[in-house]
Amino acid sequence: MQGDESLQIFAGSDGDNLPLMEMGTCRLEAFHQWDCVLVADLQTQKVQKKVQRQQQFLEKLESKGFQFKMIKDRKKVFFGIRADSGIFDLYRTLLMKPEDPGPRAKLNKMNCIPATTRIRIVSFVVNNKMKPGETFEDLVKDGVFETMFPLHEGEKDLKKKWARWRNMFRKQPIDDIRNYFGEKVALYFAWLGWYTYTLVPAALVGLIIFLSGFALFNSSQISKEICAAKDIFMCPLGDHSRRYQPLSEMCTFAKLTHLFDNEGTVVFAIFMALWATVFLEIWKRQRARVVLHWDLYGWDEEEEEMALELINYPDYKLRTHHHSYLNSTIILILSVFMICFMIGMAHVLVVYRVLAVALFSSFLEQQVTTVVVVTGAVVHYVIIVIMTKVNKWVAQKLCNFEDPRTFSERESKFTVKFFTLQFFAHFSSLIYIAFILGRINGHPGKSTRLAGLWKLEECHLSGCMMDLFIQMAIIMGLKQTLSNCIEYLRPWLALKYRLMRAHKHGRESRDPDLEEWQRNYRMNPVNTFSLFDEFMEMMIQYGFTTIFVAAFPLAPLLALFSNLVEIRLDAIKMVRLQRRLVPRKAKDIGTWLQVLETIGVLAVIANGMVIAFTSEFIPRVVYKYRYGPCRQNRNFTEDCLKGYVNHSLSVFYTKDFQDHSRMEGQENVTTCRYRDYRNEHDYNFSEQFWFILAIRLAFVILFEHVALCIKLIAAWFVPDVPQEEKNKVLEEKYRILREKMCFSSRSTDV
């Protein structure tokens, strides 16, 4: 052994301290050496108090049936931990039902404890409070220990079959993932794989809807009128503009807007509402098949946690459910305050865009609106990154205040709180653009101003759908590209850096255990949020894919490409770049299913409102059947939308501008037009405005009821659990009852 290393074994004693004995006193089975490893800084060995606390903690573990091995290298002290089989026998006994038939047969069947179960039990015991004593987390905070992690062992098959970029289009080995990382991680990848698979039809339909706009790129009646309207001048949008812009200059933008704001938008929105429902219902069927295959159909998470508590501390007293109306009221008030703060952050973005218009107008004229929209989306993305950290901290504090009974209950409550805050952080600016932008600005000559100085921004001259499309495209693009790059490159570079430093500072250890522990220690650390963060990332993406998909039909296609990368990225990260996650048992994706269902309902509401209030669909339909030439002349053979552009633009007399004399070309322009429905002389809302508003509201109600009815019918039509799986469960129950009946008959005969 090298001179700078020492190898010792801890064994139990009657004294206060744990004596050190030479290696070989305690032989461990070769098939599974170590369940997990504790790490401490070498400097702790020079502080007697920290050494005593380490030994006291390890003594308590030893009294529960653990074996230890300590190895020092130049900088760290490693403690290998392995649990005796008695702990797992107790675990099997606690979770076995008293009415189960053939206990001997069941014990024989469960004789081989999976590595995931071993790690889960050992991790629970180490991380939970030992009474009397301190928690491992307390010792980490005080610098007694640095970290704890299970070892990567037997991962070569996963590296070969799964965690490689070349396997991007191969089926995932879900059973192998479950056997290595546990059911929680396996269900995440099973759900993500199914989500990605079902994105294919959504992406194809969205792409068809988008491309169908190209067929009308030059033939759209509205685009033709806009491109030919050289004698119609638009009123200046903001204080930065000093010229009356001919409507024909909006020709290209009008054609581009028609790519995602056409008659197919409504069909696609209803399709996505149906898609979201079918996706969830069939996922429930997939989950039922997987869980039954894993023999977890009747598994109880609450019972599992109680068993682990009793293994850790036999005198454990049951913590009952409790509820405090005072605590709930405080949490509700704080949550509402945070939501209002999120909405306030959206208003910060509004202020930025208003000030940016004033700033950029000095050197940009024609492109100022587009530049402000693009930079505003980037600023929003930066705000999202910052507020994600703040939201996580706030959600943790709220959960600590609520004091949930179990870890699973804490996780569920934290999920609801954190997702709610994240939803408003991500979607508040989109809500503003879709439903508020340009609607509280007044009219030319009498504009609403920020602090009485800066004029509020308005939608692009081609409509608010263009702004919403750009905002979604940039945010989704940044999240799917920049976030994925950072998610992969940061742990990859960190691991490479640690390996370079390790090779630079000397030879590797000759002890195989120490080599393995060092290799695992150098990998990137994980925590309880590692898998949670992956779920949250996918839920936000699912929200972008469904909630405002009417304004961005390419969202499913972007999500599909992103998920193909995300699956392998997460696989490579978990297997090759990170320490091994502590396996957790589960039979579903938990609260995330309710989150998905909530997003599905929000998607119906939001898409209905986008079509009604943001797009030009309702005004076009109203004009076609009430004000257009086809209504007045049934024999009209041209396009029924002829004259729509002139009808949809209100008239403003330029003489009513306070600074009309400063406008370029003002001597040739007596009237300008703007997007609204107002009277020509008093600039109040016209009869058309109120009629269209009534139709918009009626459409929202009708759309939501139709879409929700379709969702309910689809949910009823597709059973959550396949009939063949129900029959398997039924046959198993019948078999057990028959065995009990035969066993009872033999006992009676004897």
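Including glycine, each Cβ sits where the backbone N, Cα and C put it.
Listed in TrEMBL:
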type	residues	note
DOMAIN	109-174	domain 'Anoctamin dimerisation'
DOMAIN	177-730	domain 'Anoctamin transmembrane'
TRANSMEM	185-211	transmembrane segment
TRANSMEM	265-283	transmembrane segment
TRANSMEM	329-355	transmembrane segment
TRANSMEM	367-387	transmembrane segment
TRANSMEM	418-440	transmembrane segment
TRANSMEM	539-569	transmembrane segment
TRANSMEM	589-613	transmembrane segment
TRANSMEM	689-718	transmembrane segment
Please identify the stretch among 185-211, 265-283, 418-440 with the greatest number of Cβ pairs below 8 Å relative to the transmembrane segment (689-718).
265-283
Can you count helix, strand and coil residues in the domain 'Anoctamin dimerisation' (109-174) using DSSP?
30 helix, 3 strand, 33 coil
Which listed range (329-355, 418-440, 539-569, 589-613) shows the maximal number of Cβ pairs under 8 Å with respect to the transmembrane segment (265-283)?
589-613
Restricting to CB pairs under 8 Å, which listed stretch, 329-355, 367-387, 418-440, 539-569, 589-613, is in contact most with the transmembrane segment (185-211)?
539-569
So which of 367-387, 418-440, 589-613 has the most C-beta pairs under 8 Å when paired with the transmembrane segment (329-355)?
418-440
Residue numbers, six or more beyond the limits of the transmembrane segment (589-613), whose CB comes under 8 Å of its CB atoms:
187-188, 191, 265-266, 269, 272-273, 276-277, 280, 284, 287, 408, 411-412, 415-416, 419, 434-435, 468, 535, 539, 542-543, 546-551, 696-697, 699-700, 703-704, 707-708, 711
So what's the average pLDDT for the domain 'Anoctamin dimerisation' (109-174)?
84
